[in-house]
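Student: Here's the feature list from Swiss-Prot:
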- 174: active site (ACT_SITE)
- 250: active site (ACT_SITE)
- 370: active site, nucleophile (ACT_SITE)
- 19-28, 110, 137-138, 214, 252, 364: substrate binding site (BINDING)
């Protein structure tokens, strides 16, 4: 039996815009109110997916969510026709209105936490959608995320789906952006690392002061229980509160892991040495590489500005571990120099770096790692999943045509109130569910 890590990238939605909604995300705030290009963003994302597919990687696609979220606005007391609801909300509560238009579901690292069958007690792949309670615009996502994931992984023999955690900050969960897995091979039992920002029930513990800690220890522990993980294959690590206050809002902005490699900044965690020792002890006697980037090599500011760690660390079929990095890393002399030294070092397990232009996503604070949800699967599980969500030459061409047909070239924040945009988006998503054989996953399809 063969085993793979499949990257499911989020397809950028038709309302991709720069509203600056994410406090604690430096890039999101810096580009607030700029004009976006939904079409360009979606095509950029598809190009990256196709490139990884062409490298021999298993690559999937995760559908976007329905926006503007008319149903959320109606729950908040805006009545009338859809056009009237849009107008009233945009006029009377513009901040709320912009939030329900967000295309943030494109960052599928926040869609869910996934545990592969090799790690779980019942031998199934487990999915728990993230509740994303810290940001209103993202807290609207988990129910639809759950329906989409169930439509993608729709065979109960292999897959088990859980309801997202309670919608409360005590159980704030940001999904795979605060979770990584170390293993020898993808099909072998691994160590799942849960990184959290604060203790929900103990205010005496360290916590950031400037920006919020979005993930709690208690949420991470709950996910591990739901997924049937054990003490022997889990490690809980607190993120350094000081780096959260410098704009590191998720662990995947300061660390990334793949197979037997953990690539991290020296300021990423609290109690680093004891936690690395715990990882090593639970990993066993097999080779394990901890690649520490010192502050004198790359500053926190450079790490955040270039998203050095919000890169994809992958193992293509040729076995040459590769970093998939945004072009911002290439454009920063210091970071580019570091990556050149890293990949040229004889004792480094990371051998290549490939640069991709994902600037439409980067301007909203999401790099290559934000755009993908990693799912370790064996060939039987892949065969048991929805085949229409796996990248191929045919799907790539079909989705490019779909984007060209339905997406706008430019979108300003003021354009979000246009009733035509809602209809354009619904028409596009209805067609997409047919292309990807998802069924009626969107609220407007169930209305």
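Start at 1 and count along the chain as shown; that gives each residue its number.
Quick reminder: no glycine exception, Cβ is built from N, Cα and C everywhere.
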Student: Which of these recorded positions has the least crowded Cβ, counting other Cβ atoms within 10 Å: 138, 250?
Tutor: 138
Student: Among the recorded positions 19, 370, which residue has the largest number of other Cβ atoms within 10 Å of its own Cβ?
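Tutor: By the 10 Å Cβ neighbour count, 370 comes out on top.
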Student: How many other Cβ atoms are found within 10 Å of the Cβ atom of residue 252 (substrate binding site), counting all protein chains shown?
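Tutor: Step by step: centre on the Cβ of residue 252 (substrate binding site), count other Cβ atoms within 10 Å, giving 30.
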Student: I need the nearest neighbour of residue 138 (substrate binding site) among the active-site residues 174, 250, 370, using C-alpha distances.
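Tutor: Out of the listed candidates, the nearest Cα belongs to 174.
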Student: Taking the Cα atoms as reference points, how far is residue 19 (substrate binding site) from residue 250 (active site) in Å?
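Tutor: So the Cα of residue 250 (active site) lies 20 Å away from that of residue 19 (substrate binding site).
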Student: Expressed to the nearest Å, what is the distance separating residue 252 (substrate binding site) and residue 174 (active site) at their Cα atoms?
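Tutor: Residue 174 (active site) has its Cα 11 Å from the Cα of residue 252 (substrate binding site).
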Student: Can you give me the Cα-Cα distance between residue 250 (active site) and residue 110 (substrate binding site) in Å, rounded to a whole number?
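Tutor: A Cα-Cα distance of 10 Å.
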Student: In the three-state scheme derived from DSSP, which category covers residue 110 (substrate binding site)?
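Tutor: DSSP call for residue 110 (substrate binding site): helix.
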